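So that you can see what the record holds, here are the features copied from Swiss-Prot:
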- R19, E20, L21, K22, K113, R519, C520, W565, E609: 5-methyltetrahydropteroyltri-L-glutamate binding site (BINDING)
- I435, G436, S437, E488, D603: L-methionine binding site (BINDING)
- I435, G436, S437, E488, D603: L-homocysteine binding site (BINDING)
- H645, C647, E669, C730: Zn(2+) binding site (BINDING)
- H698: active site, proton donor (ACT_SITE)
Amino acid sequence: MYTGATTYVVGFPRIGEQRELKKVLERYWDQKTSFSEIDEIAKNLRRRHWLYQKEAGISFISSNDFSLYDNMLDTAIMLNAVPERFSNIHDKQELYFAMARGTNNTVAMEMTKWFNTNYHYIVPELSDTMNFSLCADKIINEYREAKEYGLRTKINLIGPITFLSLSKPVDGNQDTLELLPKILPCYVSLLKKIADLDDEVYIQFDEPIVVKDIDRRTLNLFYLCYKELSNVSNRLRLIVMTYFDHAVEAVKILSDIPIYGIGLDFVYGQENLKVLDSLNGKKLIAGVIDGRNIWKNNYHNTLTLLKDIEKNVKKEDIILSTTCSLLHVPYSLKHENHLDKDIKSWMSFAREKLDELSDLAKLFFVENNSEDILTILENNQRIFREKQQSSKVIDPIVRERVGNIKRRERDGSFNDRNEAQRKKLDLPLLPTTTIGSFPQTEEIRKLRRDFKNNVISQIEYDTGIKNYIDSCIQFQEDIGLDVLVHGEPERNDMVEYFGERLSGFVFTQNGWVQSYGSRCVKPTVIFGDVSRPKPMTIDTILYAKSKTNKIVKGMLTGPVTILNWSYCRSDMERSAVCEQIALAIRDEINDLQKAGIKIIQVDEAAFKEGYPLRKEKVAYYENWAVKSFKLAVSSAAIETQIHTHMCYSDFNDIIHTIEKMDADVITIETSRSGNKLLTVFATRGYKNEIGPGIYDIHSPRVPSVEELEEKIRNLMLVLPPSKLWINPDCGLKTRKWDEIRWSLSNMVKAAQHIRLGLQRVMFV
């Protein structure tokens, strides 16, 4: 029987089982507590998370996976990579949060998606004039903190190549990888400090960048980087961790470098099986427990996979692992008391995945299986048999409808639709609008909570929602917005709201995961076939419409976003699930336009998230994702204007796909990126209309009228005003009313000033 290290967790959630970190951060930002309370709660969370893993028998437990905001931001702080505009902030806590969130006078650093997940990281801003230097306090302190509880952790670090590749240059023309000679000495110094901590220390370098299509030059830098780092100290055991796809090129590059191990994802990167003979005796951190989805592991399938791995890797060199950090899944099923018991039995959250690792280690490493161990396998397989036979999963009516789809696209070219829409809508040049949601006040959250818990009646709830809509419509009219929204007070989440009204979805009580900073989301769970039993948004939109003579947008979430922001069933192709959702959204659009709604927004905020990281897999995704969106809007008449919204995206590589989606208006997030994103549309000759977000809603900072006028003028240098809409860069639900009153008012004033100037020029 093998008795060595057998189990490994890439990283653990940090927001807290009851969102303790979120709550204390927001109290601190509201100046209702001191940093010492954050520090105390953070220490308690780290201790709890370490002990969970220790109790589950995990061999490799992490330190420095914890962060108060984001690990990429932590790494920038570690390297003293602080942009010049923050140089006057000397308090380290104030500096940290200013870089992430901005201040009244300073724009925050850019934020974007972490690969193809719904987690967002802060994008470091680098230049060759930066004085990089090491600040290792957090890393060293957390390692020592864990030792106080009897734990010798592996230390998690963002690897140099990933850090540089995901950073952006202050000078837009610079290649950030050219800065490797400047930051590598900081990493070397860090490793020397770590080597002094113990006679043997394990260090995990997260290098997910190598699962993308990287060029030969980057691979060479990757090789040189780890060749140098591996020679710092014989006390260190270096592990290069990859995840989200295969890393076959990197495995070959690392073949002759004396590192301890390589982490490979065998759930989303099965091609990794092809290069196991290149490990050369290194430990294989085998990612076999899905760190991105919430379904129970099929032990039989995983054991079969491990037997395949064992053909090329000695059993004693295999360590069973999660595919990636468990940051992407909720904490524990123990908090879920209202889930259907069958569906709950099919699930596994972070703490349950620890137990799955322990189970698989027993099944794989123990050669003479006892009755107890065999029972573990049998119980697991029984659950999968029951799921396969469950009537809760398949709806024959849905299957028949999908099989008989005849209409997949709407009528008319964009030019035909645009002409009809301009006549019907009669909007001014540079029309102003918002993305949809307005601030979710404590009062409105309490209203929803009380209704859900049967504390108030349906009439009381409806009255509260209508009062909010009344105020929201009145506010928008007062400041002069051109196209209004109802504010979405009835919606806790843009996906959950629709999931609650569609069949095939289930919801957790406490399934929160971190999206960015203190922002948490509670993804819906798709477990079965999807359909729409009845209209989902008609009543609230029609009520809002009755309160104004202006146009009110219908607000829907698109099928691809609903899919990508949900935990999707694992027994059906994602494309087939998306098609089912698209049919449900199509029915809703049809009902909305019949009710007189002239503009309908179908948000595809998460469209880019679903993109595979490897080019060879992209065409397949684009094909079914575009088809699903077009199927969803195929019921829209020519004169019905379809808007869509996309978040945090680099559009260079998907502009052709956006063209195929053919939305009449697309709103995008550009406020932290200047005109860089917009230029892509201009260069391409994009014909449809665009609403580039002109201010950053993720920061509490209120932009001035003059600043916004300048942004609009800059937009018009790239695209003609006839194609432009003026709007914030995202929904406003996370902001406070006091913030948005001024921001939106300034935005409208800026648009009106520019519009007036254009009209004067036109009549000269």
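Using N, Cα and C of the backbone, Cβ positions are placed for all residues, glycine too.
Annotated features, which come from Swiss-Prot, shown on the structure.
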| residue | record | DSSP (3 states) |
| --- | --- | --- |
| L21 | 5-methyltetrahydropteroyltri-L-glutamate binding site | helix |
| K113 | 5-methyltetrahydropteroyltri-L-glutamate binding site | strand |
| I435 | L-methionine binding site | coil |
| E488 | L-methionine binding site | coil |
| C520 | 5-methyltetrahydropteroyltri-L-glutamate binding site | strand |
| D603 | L-methionine binding site | strand |
| E609 | 5-methyltetrahydropteroyltri-L-glutamate binding site | helix |
| H645 | Zn(2+) binding site | strand |
| H698 | active site, proton donor | coil |
| C730 | Zn(2+) binding site | coil |
**Complete:** The sparsest Cβ environment within 10 Å, among the recorded positions K113, H698, is found at K113
**Among S437, H645, C647, H698, which are recorded as recorded positions, the nearest neighbour of K113 (5-methyltetrahydropteroyltri-L-glutamate binding site) by Cα** = C647
**Item:** Listed in sequence order, residues not in I435, G436, S437, E488, D603 with Cβ within 8 Å of the centre of the L-methionine site Cβ atoms
**Value:** T434, V485, M494, M555, Q601, H645, G731, L732, K733
**Message:** Whole-number answer please: how many Å between the C-alpha atoms of S437 (L-methionine binding site) and C730 (Zn(2+) binding site)?
**Reply:** 9
**Request:** Measure from the Cα of C730 (Zn(2+) binding site) to the Cα of every one of the recorded positions R19, L21, I435, E488, H698, then give the nearest.
**Result:** I435
**Request:** List the same-chain residues at least 6 positions away in sequence whose Cβ sits under 8 Å from the Cβ of E609 (5-methyltetrahydropteroyltri-L-glutamate binding site), in sequence order, or say none.
**Result:** K113, N116, T117, N118, N564, W565
**Complete:** Smallest Cα-Cα separation from E669 (Zn(2+) binding site) among the binding-site residues R19, L21, G436, E488, C520 is shown by G436
**Complete:** Across all protein chains shown, the binding-site residues C520, C730 give the max Cβ-within-10 Å count at C730
**Message:** Within its own chain, what residues at least 6 apart in sequence put their Cβ under 8 Å from the Cβ of D603 (L-methionine binding site), listed in sequence order?
**Reply:** I435, G436, M494, M555, L556, T557, G558, T561, T644, H645
**Fill in**
Here the recorded positions are E488, C647, H698, and the Cα closest to that of C520 (5-methyltetrahydropteroyltri-L-glutamate binding site) is found at H698
**Prompt:** If you measure every Cα to Cα pair among I435, G436, S437, E488, D603, the residues listed for L-homocysteine, what is the largest value in Å?
**Reply:** 13
